[in-house]
Structures are given as C-alpha cells and as structure tokens.
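The structure under discussion is supplied below as structure tokens; questions concerning it will follow.
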Amino acid sequence: MTTDEGAKNSGESPTATVAEQGEDITSKKDRGVLKIVKRVGNGEETPMIGDKVYVHYKGKLSNGKKFNSSHDRNEPFVFSLGKSQVIKAWDIGVATMKKGEICHLLCKPEYAYGSAGSVPKIPSNATLFFEIELLDFKGEDLLEDGGIIRRTKRKGEGYSNPNEGATVEIHLEGRCGERMFDCRDVAFTVGEGEDHDIPIGIDKALEKMQREEQCILYLGPRYGFGEAGKPKFGIEPNAELIYEVTLKSFEKAKESWEMDTKEKLEQAAIVKEKGTVYFKGGKYMRAVIQYGKIVSWLEMEYGLSEKESKASESFLLAAFLNLAMCYLKLREYTKAVECCDKALGLDSANEKGLYRRGEAQLLMNEFESAKGDFEKVLEVNPQNKAARLQISMCQKKAKEHNERDRRIYANMFKKFAEQDAKEEANKAMGKKTSEGVTNEKGTDSSAVEEEKAEGHV
C-alpha cells in the first residue's frame with residue numbers, strides 16, 4: 001500500500017502519516033528526519049557523497065501550505081550530495097534513496113532552516129514536509145572532462161588535501177571489468193605514481209581527497225594506462241579502469257612561499273631531470289607535472305641576484321619549451337601555443353619556441369600564423385631544413401583548405417540558386433493557373449451575356 005493510500009484510508013494528511021509511521025534516518029536517532037517510501041526505487045545502489053543528483057520535489061509547511069516545487073518550474077533540481085548545498089535533511093534523506101524512488105520526508109527545524117527560517121516563505125523554527133523523487137545520480141566529474149569520475153564511499157577528515165609532491169600512504173584496489181588486477185598498500189610522491197605502477201588519474205584525484213577518505217574512481221584511458229596499456233597487470237591499450245582508493249595519511253610538500261630562492265633553484269634542477277625521464281618514456285602528463293613545478297616556483301620570483309636571475313630564466317625557458325612539446329604530444333595545441341608565447345617572452349628569437357608554436361598553429365589550421373613562425377625560424381637559422389618543409393606544408397594545406405571552402409560554398413550557392421529557381425517556377429505556375437481560371441470564368445460569362453442578348457433580339 002502506498003503512503004497516499006494509507007493517508008486516504010486513515011483520513012490523515014501525509015505530514016501526519018510521516019510523523020506517526022516514518023522511519024528515523026538520522027544518525028543521532030533524534031527523529032529530526034523521518035522518512036516513508038512512497039514508491040520503491042530500482043536496484044540497490046544509492047547516491048554517494050559528491051554525486052550529482054537530479055530530483056523533483058514539492059515542499060510544504062506543516063500546515064499543508066506549499067512553499068516550493070520543482071514541478072512548477074518544469075525542470076529537475078540538481079545538487080551535489082553531502083556538500084552542504086541543501087538543508088541537512090536533504091543530504092541525509094536523498095542519500096538513502098534509490099533511483100526512481102519517491103519518498104516523503106518530515107524535517108525538524110534543526111535539520112532544515114532553523115531559527116532563521118527562509119523569508120518570506122519559511123518562518124522561523126518551521127517543520128517542513130517534502131515529497132522527493134530521485135530521477136538520477138552520477139559521480140563527481142573531478143576535472144570536468146569526463147576522464148575521472150569520483151564516488152565517495154566515506155568522507156575524509158578536515159579540509160586539507162595533498163598537493164603535488166606530497167608524500168601519501170594509500171590503500172588501493174584496481175579493477176578492469178570484473179577482474180581485480182591490483183590490491184596493496186603503497187607510499188609514494190604525488191605526481192610520481194608511475195614509478196609505482198599507479199595511473200596518473202589517482203595522482204590527480206588524491207589532490208582533491210582528505211585524510212581517511214575512501215572513494216571509487218572511474219578512470220578513462222587518458223587517466224589510466226593509456227595507449228600503452230599495462231602488460232604487467234594484463235591491461236589492454238585504452239582500457240577503462242576502476243580503482244577503490246583510501247587515503248590513509250599524507251605529508252604535504254612545501255608550498256612555493258615556504259621555499260627560498262636557493263631551494264627553488266635546487267628543486268628545479270631535480271624536477272627538470274624527472275620531467276625529461278618521463279617525457280622520454282612517453283609519460284607526457286607526468287612530465288607536465290614536473291615541468292609545471294618549475295613554473296609555479298620561479299615565474300613570480302622577484303628580488304633575485306644577477307646569478308639567480310640568470311639561472312631562473314634558464315629553468316623557466318626550458319620548462320616552457322618542454323611543456324610546449326608535451327602539449328603537442330597530448331594534442332592540446334592551444335596550451336602548446338601559450339607555453340611557446342611564454343618562452344618567446346623570455347627569448348624572442350628562440351628557434352625551438354618559434355618552431356613549436358608554428359607546429360601547434362599548423363595543427364590548429366592557422367596556416368598564415370604557422371608560416372610566419374617558420375619563416376622567423378629561418379631568419380634565426382637559415383639552415384633549418386625542417387622549417388622550410390613546414391612552410392611548404394603550410395602553403396599546401398592552405399591551398400587545400402581554400403579549395404575545400406570554395407567547393408563547400410559553391411555547392412551551398414548552387415543549392416540556394418536551385419531553391420530560388422524552384423520557388424520562382426512555383427510562383428510562375430501558380431500565376432498561370434490563376435490566370436487560366438480567370439479567363440475560363442470570363443469566357444463563360446461572356447457566352448451567357450451573348451445568349452441573353454440574342455434572346456432579347
């Protein structure tokens with residue numbers, strides 16, 4: 001029997017029914033949030049902390065007066081569970097629901113809007129009634145590109161997160177499909193997980209986790225083991241992976257402001273070498289992390305001695321050039337151009353910077369800009385044969401691009417002309433038909449008039 005049927009049979013309002021029969025779903029068991037299932041949902045899975053949930057709802061005061069409804073707006077309400085984006089009662093109640101479920105919640109003021117209320121619709125210390133339908137839920141898109149989806153099984157402690165270079169101790173379980181291929185405790189440095197056969201998606205996720213947090217990570221190939229796969233674990237190229245990760249402890253690396261210039265320069269030399277090792281191994285995202293550290297440490301460093309300034313500029317120039325090469329490999333051409341711009345800001349005649357920017361712009365179909373960069377390369381080094389070949393490629397690609405555009409526009413104009421001709425033909429046909437009808441009517445009328453005239457004579 002549904003709650004509505006129960007309410008009708010007993011003559012009680014839904015609010016009274018929940019107050020009498022509702023299940024206390026609070027951790028304190030203080031009857032602050034009572035729940036009755038109106039329609040059973042599908043399966044056994046419920047939303048986790050951080051999941052994006054989609055609901056329809058109706059909200060009423062205890063006297064039955066409606067104060068809000070997503071149905072009136074004809075669109076679902078969306079929020080992230082467990083992130084304090086809604087009242088406490090919702091974070092508690094929606095976490096117990098299954099997809100497709102409809103429930104009634106009765107929420108005491110301390111789990112709703114408290115003594116403040118929410119003027120003008122909700123008075124102070126109001127007990128609220130909600131009917132909620134859980135339409136859908138999905139994990140948190142950590143990087144907003146769909147590559148790492150997190151579902152939090154257990155919320156962490158505090159507000160601090162590991163940073164790049166932090167030492168972490170984690171427990172992990174890795175699965176590909178139904179098969180578990182990895183299960184262990186491991187300590188490593190964030191950004192260097194590859195050295196321990198850990199995919200970069202875990203490094204990225206750890207920077208958003210708190211101590212003792214337990215989560216499930218769904219990694220796309222880009223953040224897993226990529227095109228190379230992982231033969232050691234029997235992972236095929238471009239496989240999607242699932243990891244369950246618990247962050248047991250961590251020690252943050254020094255932030256930039258905690259390091260003096262000498263330490264930054266020393267560390268820059270170390271991470272530059274690490275980045276080069278990753279790059280040569282085809283681990284371009286790992287290399288980006290290392291070269292990026294140099295930029296974060298030195299780009300805004302001021303008050304340096306002449307010797308320090310020269311060393312800093314050398315590290316930054318190398319970092320920007322190497323980042324540009326990494327982004328070219330990762331097919332992130334806009335970022336490659338940005339890094340080349342930074343490098344050329346330090347050395348406007350840098351041959352590598354000009355060439356790599358030209359490469360990126362050629363791949364972005366910016367043929368004239370690319371050609372200009374390759375021509376500048378020849379001004380710096382007339383012996384650069386690769387730049388000459390690239391200029392020819394720019395000219396060829398530009399010609400092909402223009403010819404393709406001409407064909408597209410020619411076909412487009414042809415279709416427009418055919419459509420116009422067809423419309424004109426239809427208009428002409430309509431006019432001719434109209435005139436034919438008029439003439440026919442005119443002839444008939446004339447004949448009648450003639451007959452009448454003859455009759456009168």
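Cβ atoms here come from the backbone N, Cα and C positions, even for glycine.
The following feature annotations were taken from Swiss-Prot:
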type	residues	note
DOMAIN	50-138	domain 'PPIase FKBP-type 1'
DOMAIN	165-251	domain 'PPIase FKBP-type 2'
MOD_RES	M1	N-acetylmethionine
MOD_RES	K28	N6-acetyllysine
MOD_RES	K155	N6-acetyllysine
REGION	1-26	region 'Disordered'
REGION	421-457	region 'Disordered'
REPEAT	268-301	repeat 'TPR 1'
REPEAT	317-350	repeat 'TPR 2'
REPEAT	351-384	repeat 'TPR 3'
Just give the helix, strand and coil counts over the domain 'PPIase FKBP-type 1' (50-138), going by DSSP.
13 helix, 37 strand, 39 coil
Are there any residues at least 6 positions away along the chain from K155 (N6-acetyllysine) with a Cβ closer than 8 Å to its Cβ? List them or say none.
I49, G82, Q210, E213
Take the domain 'PPIase FKBP-type 2' (165-251) and count its residues per DSSP category (helix H/G/I, strand E/B, coil), listing them in that order.
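Going by DSSP assignments, the domain 'PPIase FKBP-type 2' (165-251) contains 20 helix, 41 strand, 26 coil.
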Within the repeat 'TPR 1' (268-301), what mean pLDDT does the predicted structure show?
95
Quickly jot the same-chain residues contacting the repeat 'TPR 3' (351-384) by Cβ under 8 Å, restricted to those at least six beyond its ends, or write none.
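Counting only partners 6 or more residues beyond its ends, the repeat 'TPR 3' (351-384) has Cβ contacts under 8 Å with 320-321, 324-325, 327-328, 331, 333-334, 336-337, 340-341, 343-344, 390-391, 393-395, 397-398, 401.
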Sort the residues of the repeat 'TPR 2' (317-350) into helix, strand and coil with DSSP and give the three counts.
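Taking each residue of the repeat 'TPR 2' (317-350) in turn, the totals are 27 helix, 0 strand, 7 coil.
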How many other Cβ atoms sit within 10 Å of the Cβ of K28 (N6-acetyllysine)?
8
According to DSSP, which of helix, strand or coil covers K155 (N6-acetyllysine)?
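The residue in question, K155 (N6-acetyllysine), is coil (DSSP, three-state).
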